[in-house]
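Input: a single structure, listed below in structure tokens.
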Amino acid sequence: MFNKTEENAVRYRRAQSVTKAEEITEKEKKARKSQLDKPCHKPRDSLFSWSSEFTNFTGLVNWGFLMLTIGGLRLCLENFLKYGIRVNPFEWFIVLTGHNEGYSHQYPSVILLIFSVVPAVTCLLIEKAIAVEILSQKLGVSLQIINMVSEISLPVIILYFKGTQFSFVGITTVCTIYLVLFLKLWSYCQTNHWCRLGMKGKQYKNTLRRQSLSAPNWNELVNAEHEQTLEDEKHDFVSAGLVKYPDNLTLKDLFYFLLAPTLCYELNFPRTTRIRKRFLIKRIIEVVFGVNLVMALFQQWMIPSVRNAVDPFSEMGIVKMTERLLKLAVPNHLIWLCFFYLSFHSFLNLMGELLHFADRNFYSDWWNANNISVFWSSWNMPVHLWAVRHVYIPMTEIGYTKGSASIVVFFISAFFHEYLVSVPLQMFRVWAFLGMMAQPPLSVISRVVEKKLGARWGNIIVWSSLILGQPLAIMMYYHDYALAHFAPQQ
């Protein structure tokens, strides 16, 4: 009681002090206004001082965008003056269609893409065999693992024997599709496994609950009640329009999932009721325009910059290498941003609209990320959800620490990043792998910077890693590729 009275007294004295200070300030203002010299000064901070609390810098932001635009136009003019017009849509058609692949126009990349249906259907057949108890759970899981490992290894094996028949774009497309298929099949098998475990758990609980019956025919009664329960649950699911395991094990359900813009399988995806025609037309235009823009930037700007960067990099001149790195960073980052919008907004929304897929959370506000870990959990939401649902959470549930689970997630991501680069280039390097494995320590550094210097500096580190890290990796791979394929033989 005494403490509360004392606190109230202190608050009262503080309130009186503030009131007196305000009264004195008002009196000083009135006294200054009444002076004959017409005073025009008063206590104020400069706008760039933190104590001024000024936050409206819209004009400076506009100035920054204008300077970036002028700088970009200057770079474009410099590029045109130095290299001429390199954009050739006919070459795009040849590259994208794989016109020069194989012998007698066999298009081996197209054949491999068609063959990708085989491991998907094999996965479905194994799941149906497990569901009807033709295969045991252990044998079925083993067959699924063999099927998925064979599927992801097939491009590597084919490329080893028939590497000269593939174009770079063709085998890159094959590796990308096979990797996406691998992640989808992983999710498909694991989700159906969870359904089986859930059904067995319900049956076990029902059996334990009914074993206390004293009727002589209690086994028949248990079976009858269990069948009635299953029928009631099935009726509830049907009335709600939901699919229940194992009714989901159909070709229609599997191929819908394979085409849907997600890596995580569910028995009942959220669906939209109609296709928005205006939205669909906008996404189609964006995809067509975006592909042409990316190809034009790549042909006109990226390829000459990469070729010019090889000589200074091989000579290991620090100043020249830094200059080429910074010069390569601009077109690379611009193409990366265009590719992000083209892939995660235009194309995935296009597929989602066509398939009535309602969950369009393909990316979050990664551009506001204050540290590396926030960036990796927000820029590619389909992969992030897959990693959390199928790797991170299962590992933590069986006793691994969150740190260990995070390291495993980054290891898997690093492996597949290297897979998407080394396999199409037909040379094994570890630059992409090391770049991804450097993300956990870089994440710790960015968090320390965010905590010590503020969120703005953490965001600057995120952008710096994106702008400078990718062109450095490109320079390293192209340098090694040029030495392996274009260097003169001694």
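Quick reminder: no glycine exception, Cβ is built from N, Cα and C everywhere.
These figures come from a predicted structure and were not determined experimentally.
Close to HIS417 (active site) in the fold, though at least 6 residues off in sequence, lie ALA432, PHE433, GLY435, MET436, each with a CB less than 8 Å from its CB. Per TrEMBL, active site is recorded for HIS417.
What TrEMBL records for 54-73 (among others) is transmembrane segment.
Residues annotated as transmembrane segment in TrEMBL: 107-127 (among others).
Look at TrEMBL and you will find 139-160 (among others) tagged as transmembrane segment.
With a cut-off of 8 Å between Cβ atoms, the residues of this chain six or more beyond the transmembrane segment (166-186) that come close are 95-96, 98, 100-102, 107-109, 112-113, 116, 119-120, 123, 144, 147-148, 151-152, 154-155, 159, 257-258, 263, 265, 383, 386, 390, 416, 419-420, 423-425. Under the heading transmembrane segment, TrEMBL lists 166-186 (among others).
What TrEMBL records for 284-303 (among others) is transmembrane segment.
Listed as Cβ neighbours of the transmembrane segment (334-352) (distance under 8 Å, sequence separation of 6 or more from its ends, same chain) are residues 259-261, 279-280, 283-284, 286-287, 290-291, 293-294, 297-298, 302, 358-360, 362-363, 379-380, 382, 466, 470. Marked as transmembrane segment by TrEMBL: 334-352 (among others).
Per TrEMBL, transmembrane segment is recorded for 399-416 (among others).
Per TrEMBL, the feature transmembrane segment maps to 428-448 (among others).
Feature annotation from TrEMBL assigns transmembrane segment to 460-478 (among others).
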Long-range CB partners for the transmembrane segment (139-160) (under 8 A, at least six residues beyond its ends), listed in sequence order, are 108, 112, 115-116, 119, 122-123, 126-127, 129-130, 166, 171, 174-175, 178-179, 181-182, 185-186, 189, 193, 419, 423, 426
